[in-house]
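To keep things clear, I will list the structure first and then write my remarks on it.
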Amino acid sequence: MFVVDWSVQLCMGVISPLFRALVQLPLSIFVWNGFQLVALPINIPLRLFLGTSLSRLVAQTSTLDFYVVLTLFQYFAVLCAFGSIIGLIFGFILGVFHSICGVPSVYISLEWKRWFAPIRTVLERASTSIVNIMRGQTIAPIPMPKPNPTHISKPNMKKFHDEPGADDMTITHDVNCYITPCQTPTNEKIQHYNNDSFNTTTTDDEPTDIWDRSDTYQNSFVTNETLMSLSNRAKLRRNASDADIVNIKILRRNSR
């Protein structure tokens, strides 16, 4: 019997501190803080006007003070109930009014929303990139605005300027090569075609064109004798008279 009593006392001596530390103290702290939170609407005016709190009044109350505190609680309960009733009545009236008279769908666009537009764009791009990475998709490049036509540079001219040793005269000469196939002195005399390589099998009845076309003779201008500039041909075409044209036709027929 003595052993049983000793074992019970030993267990109680070990269990009671554990119960107090693990259960009683946390539970008391939770209840006390919950009570302070609930009594906050009463403690604020008491602290502002009387310099005390509800816990001090309860701890130091007498019979008279108890009735005073009880009266305060009654007023508090009545005011809460009265305010709740007023809120319910006005809420019901507003609900009936809105059901009868439709409320227009009008909203006010605040100006401060445009300040967050860049942040919203960045967040949308970041979220889209994260979703694409998680799905294993390739991230599409962000579309860039088209450049202004005034900022578009000429690629050919830039290529010539980037090459070492290229100057403005070289660029002008290279560009002009596409405009005039050949350059000859202005005082160069016009040469007639006496080469036998020309296969001109024309008759007198066929219309003869005294002006040689560069697109009809592929190898006609390969020698120095038969080389003629397009500019001189154009001048001859403008200045030649009918008699000159007849003489040229006769010379060409004799050369055959």
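Heads up, the Cβ atoms here are built off N, Cα and C, so glycines get one too.
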Swiss-Prot annotation, phosphoserine - which of Ser55, Ser127, Ser241: Ser241
How do the residues of the topological domain 'Extracellular' (43-75) split into helix, strand and coil according to DSSP? 27 helix, 0 strand, 6 coil
Cβ under 8 Å, sequence separation of at least 6 from the ends of the transmembrane segment (22-42): give me the contacting residues as numbers and ranges. 54-55, 72-73, 76
Tertiary contacts of the topological domain 'Extracellular' (43-75), as residues 6+ beyond its ends and Cβ separation under 8 Å: 36
